[in-house]
Amino acid sequence: MPKSSQFTRRRTRRGHTVATVPTPANARRFMAATVIDALGSGLWMPFTLLFLVHGQGMGLVEAGGALSTGALLGLAAGPLSGSPVDRFGPVAVLVAGNLVRLVAFACYPSTSSAWQVALVATAISAGDRLFWTANAPVAAALTTGRGTEDLLGTQAIARFLGAGLGAGATALVPDLGDPSTYHLLAHLNAGSFGVAALLVAGVRVPRVRPAARHGGWTTVLRDRPYTAFCAVHVLFTLASASKYAMLPILVLDVLEGPHWVPGAALGIGTAVVVLVQKPVTRLAARWSRGTGLVVAATAFACSFAALVPVAALPVGAAVAVVLAVSVTFAFAEALFAPLSTAAAAAAAPPGAEGRASALFQLSWAVPAVTGPALLTALLSLGNPVLWAALTLTSAAAVPATLRLRRVVG
């Protein structure tokens, strides 16, 4: 088959025509690689601190500090990864992200001090940033129409399923104090990134003509609607991060509720995302992306509003509210994440998709870095203050999204 016959053309919302490769083989390879990536990353999450404390003999505070330092340093790779995506193509950057994490996880069992852990954690964080910056451009290139959300939704299922399986595996591992158990897990995770790199390397994505040399980041930053959308998206990602960071504190410290509730709430949320992601994605395909994001913001706002008076309720009723909002939070998560990522990929300035994706990924990173300090400061002012503030920020995303319909669609 002639090379040109493998490619189709699609017109973006801004009238630019770009090439796509919606061939089943390309999509299957990419999906297999990203599912392996998501499962491996998700499975490792619950074991990270256990690995360092029980496997490497580190103190809890020392291990946590090293991981946080590495995560913060690795965030710098996000903005820096945009230019390589535009210059070398997103597939090459995806492969690089997997290889960086392969080496990092292979080195994990050899770490014995905080600075070594911080160095490995920096490499893992940098590899994650490379992956996420390149992921959306590849997903957009391999799909047509609203197929991008479906592909991204499948990735979300794998990510949440991996985290759930990892949490469950902690109860099945025969000896959580045996270092060899954690070393084996680290090496298996390294191997999974190697397999993912090999699969991604075979994905064919056509190169879009790069932006003019005098453009680049200037092209992206001068695109006011796109940068405004990235700013508004921070309101969504703050809502997403808050439920994971603050629900356990709410239950254990504010409500003084049963210790099983935080795990149950997060487990219910994970199960709901895995079960409803596909139906929610199909439902959202009937709407515009803007409408879907408005519904998601409304769901977040209503969920936070339900938690404003929860400290005044009897413990049993408060626990019921927490478990109920874990379901509505999961619905909002399943709705907004694929839609917003697909919208950002479709609205990216042609030829600067990598830099645009890097800027969009900052809207995920900013709440992850600033969220804990901001949220705990609000909670120190009182439980109603925290949840009322999050209700208002989520509600503010509704008119902001409506004003950006030209970008969001």
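Using the three backbone atoms N, Cα and C, a Cβ is placed for every residue, glycine included.
Of the candidate ranges 101-121, 185-205, TrEMBL annotates residues 185-205 with the feature transmembrane segment.
With a cut-off of 8 Å on Cβ pairs spaced 6 or more residues apart, the transmembrane segment (318-346) and the transmembrane segment (385-404) reach fewer than 3 such pairs and are scored as not touching. Long-range contacts of the transmembrane segment (226-247) within the same chain: residues 220, 262, 265-266, 269, 293, 296-297, 300, 303-304, 322, 326, 329, 332-333, 336-337, 340, 343-344, 347-349, 356, 359-360, 362-364, 366-368, 371-372, 375, 379, 386, 390, 393-394, 396-397, 400-401, 404, 407-408, each at least 6 residues beyond the stretch ends and with a Cβ under 8 Å from a Cβ of the stretch. Each of 185-205, 358-379, 385-404 was scored by its Cβ pairs under 8 Å to the transmembrane segment (292-312), and the highest score goes to 385-404. Between the transmembrane segment (358-379) and the transmembrane segment (385-404) there are at least 3 Cβ pairs closer than 8 Å, counting only pairs 6 or more residues apart in sequence, which means the two stretches are in contact.
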